[in-house]
Every structure is written in structure tokens, then in C-alpha cells.
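I have placed the structure first, in the form of C-alpha cells, so that the comments after it can refer back to it.
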Amino acid sequence: MSTQINLTWHKKGVQECKRGIRSKGQSELPFSPDRRRQKHLLEDSTMRVCTRRRSRTLRFWLLIVFLCLHLLVVSLVLSIYHTSCEHHSYPDIQTSISFSIQNTSASTSTMAAAGSDTQEVEMDGTAGDLAKLEALYSHPLYNLPTPPLADGDWLLRVRTKKKEEERSAQQWLSANEDGYDPILWNASAETHPPWLRFHLGISRWQMYQHKDPNLSVLTQQMASHRIVSAVQKSGGTQLKLVMSFPNYGQALFKPMKQERHEETNANLYYFSDFERHNAEIAAFHLDRILGFRRMPPVVGRLINVLKQIKDITTDHKLVTTFFTSPVGNACFYGQCSYYCSTEHAICGRPLKIEGSMAAMLPDPSLAPRRSWRSPWRRSYSRSKLAQWETESNYCDSIKKMPPYDRGTRLVDLIDMSILDFLMSNMDRHHYETFEKFGNDTFLIHLDNGRAFGRHSKDEPSILAPLVQCCRVRRSTLLRLRLLSLQSYRMSDVMRASLSQDPLAVVAPLLTEQHLSALDRRLETVLQTIQDCLQQHQHHSDVIYDDITDYHGA
């Protein structure tokens, strides 16, 4: 039908065109005796003119269609670009949890047929991982009996003399300021805030006990309590803030600098890498899973750049670094050696940023710490190698040097190298201990922000202390073997542990690639220990038995 209409319209148009031109030609052509020849010329001219007019009309309409299509494509691209560049605004953690639950229930009711199987699989996986984590922490290797501690084995003790208590209370009260809670503490632990209970729980051998009920209370406080002060911490190569709470507790805040899915640039040297907030959080969980408990508690938190930093800080130098980005985000960069500039600013989305909150250790005036240069420290040079990188028997000389010639210092250092290898941390140049305990104490695992940078590559040189010394704690070896089993697989228990952090509502703190890398690297550590056992005739030369009362395999 449409074809007939088009043909009719076409014929009609041609006829009208011929009629118009013919009449025009007849009126304009001069008289000629050969009328037939003139008639043919007129018809040819008429057809050429009509063809040209039709061609121009067709080109005109094609141009209009092309422009319309072009405008449609441009509008579609702009709408997609606008959606992808939309600023993320983080809701509060409580709001996020509520919103997530509401969305889950809504989607379940509207898409039950399509999504029920997937949700059940995810729920089963999460529940299974949590069950593995609970089973791990209930295993006898994590509940070994510990000998009673003497008074000298505790880092801090509460004064018992009444006059000293009164004098101490007066000193605290004199420092009371607006925004802080009144002090109502006494010798009873029930009156102490969580941060003080954490300080009083530090002993010669560990930062906190395995089943310390105060641990969850402390992390919850750091993740949710009101912040009354925020100042930049002096020293260090990258930006860090000290956050204070109304109960006089403090936490070290490291802001987010890199997305979770991003890997460290392969062309970047280890000493130029970013410090990642999720690495600090994940390192704490890994340290606990390994049974070390030598790291201060760390938890994730969302911070309002303006209300919780700029508006309450007394750090005038920090205030001068705040600005608004071209897209309206609140930003600041502070003052430090690396990445403190407008090009590497910390920006909210538009106001909130993620960060890690690490519990502060007791003030050095109360509990001095000693910093030790690691024997396996890297050269921190683009061209030079460290001594241990060129001498295969390097450990023989280290074993003869104090404090590595006695006690547990050497195996403690090897524990730390295993931890660093699992999370790919190449930035372990120093470590610290509490001076009160001398050389017979644990190593404090601080500053882990450069861990978990690359999941696609393992760095075998981090294991140099284990490879060169062939020495390891029996408790460490047994736990590593346990974590290699399917029922306690490291990636699964790590995933479950990290899921309990508040920032897990926003996104998983470690990607699946990083979790898989943990399993791969664990196999490397176990194989390295097995190689050491084959190289030495007596297992006692390799295994340091620190759990003589444990008779498990």
C-alpha cells in the first residue's frame, strides 16, 4: 500500500514538474520551423531539471535525518557520561545498614523468583565463612594455657595509693575542656573507658588477650563516637591525623588514597607507594588470625571532612590546606614528605571520606618504646642493594649479634617477615618494642599502610629472614598448616573477619584477588619451611618449640 502511494506521489510530482517547465519553456522558446526537434529538446531539459530538483530534495531530507540521529546519539552519550561521573556520597554507617536491609527486603519481595537462588548462595557462603572463623578461634592452638603474669609483665598498672589517685584525678580534671566528658574513674576497671582498659591490658607477650571482651567495645567506640579534636600527626612521610574522643581516647586516622580494586603501579618503588587505609585494617585482622596479637586494634570509619576535621581542628597549618575541588568536593592535603599537595589531595564525596582508625598506644612518657633497625632493612635506593641481598649466609652473622643471639627475638622477627610476605609489605625498615620489657618481649607490628598493594605479584625477598635463617616457631608453623586446610582456609576466615568492619557496608575491604593471593602465598611459606626441614638433619634446628605442652600435630 505504501509503495503504491509513493509511486503515485512520484508520478504526480514528475508530471507537475514537466507541466510547469513545459509551459515555461513554451512561453520562453522562440519561434522555430522545426517544432518536433524543439519538443524533444524541451522534454530532455524537463527531465534533467526534474531530476536535479528531486536529488536536491532527497539530499535535504537525508541531511535532516542525519542531524536528528546525530543529536540523539549525543544526548544519549551525555546522559551516560553524567551518570558515570556522578559524585558518590557516603551515607552514615547506620543509615547504610538500614538502607541495605530495606533494599534487600524490597528486592526479595519484588524479585523473589529471579534472585532467591543467588541470595541463598551468598548467605550460605557468608555464614560458612563466619563458622570457619569461629571454629578457628575455638581451636586449641588459639586457646593455649598461658602462665600467670607477674606485676612486672604488665605494661601499666593502676596506682593503689589514695593520695596518688587524688593527685592524678586533679591533674586530669585540670585538663578538662569543652567537649570532653567529666572524669569519673577510679581503681575499678568497670569505670575505665575502653582505651584505658586496652592500655592496661598490654602485657609482655601480646597487645591484647585472645578473647578480650574490650576489643569489640574499643573498635565500636573508634568507629562511632563523637570526635572533639583532629590535628595532624608530626613525622612520617604521608598524611595522618590524631583524632580525640570525649573520654580522652585517641586514634590515628589514615585517609583513603587509593580505591580497593586498584593495584600499585608496577613502576613505583616500594618507598614511594601510597599508604592505604584498608591495608591498615586488613593487617590488623590478619595479625589476629595468625594468632600474633601484636598490633593495636584498627577499624574503618567514614569522616566528614568539614564537620569532623576542619571545623574542630586547632591545627592552623592544616586549616590552610583545605579547598573546594572544581566539582564541589571538600578537600585538604596537609603537610608531609610525600603526596601532600593539591595534586594528591584527600577529597570527600562530596564531604565524607573513608579512613582507618588505629588505637593509640600509651604516651611515650608513660610507656617508652625503643625503635630497632631491622637487620633485613632494604636499601631504600633505586640502585643499591642491601647487604642481606648479596650475602647468602647473612643470617649466620645476625645469629651472633644481640639481641638475636638469645631468646625469641629472631623467631619474632621471622614471624613478622611471614606476616609481611602474606600481605606483600616491603616497607618494614624498623620495628618497636616497649622499653620496660627489655629484649624479652614481642615486636610491635606498626605502620602497615603499604601492604596489600599488588595481588598479581608475590615478592619472595620479603621472606629472606626465613629463607636465610631457617628458623620458625612451632606455634606459628602449626597455625599456618591449620589455615591451609579447607575447613579453616585463610581466605575464607579473612573474608569473614573483614566483613565485621563497619566499612564492609560500603564495599569489601579486600578484593577477591587479594584474598586468593593470601592462599597462594601461604603455600609458598609452608613450602619454604618444608625446604628448610629437608636441608637440616634435625628438625630442632629449624623448629623453635614455644608450646612444649601442646601435643597436637
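Each Cβ is built from the backbone N, Cα and C atoms, and glycine gets one as well.
Given the structure is predicted, the values throughout are model-derived calculations rather than measurements.
Per TrEMBL, the features are as follows:
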type: ACT_SITE; residues: Asp427; note: active site
type: BINDING; residues: Gln238, Lys254, Glu275, Ala358, Ala359, Met360, Leu361, Glu432, Asp447; note: ATP binding site
type: BINDING; residues: Glu275, Asp447; note: Mn(2+) binding site
type: DOMAIN; residues: 322-540; note: domain 'FAM20 C-terminal'
type: TRANSMEM; residues: 60-81; note: transmembrane segment
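Fewest Cβ neighbours within 10 Å among the recorded positions Glu275, Asp427, Asp447: this applies to Asp427. The highest number of surrounding Cβ atoms within 10 Å, among the binding-site residues Ala359, Leu361, is found at Ala359. In terms of Cα spacing, the binding-site residues Gln238, Ala359, Asp447 that come within 10 Å of the residue listed as 'active site' are Asp447. Averaged across the domain 'FAM20 C-terminal' (322-540), pLDDT in this predicted model comes to 95.
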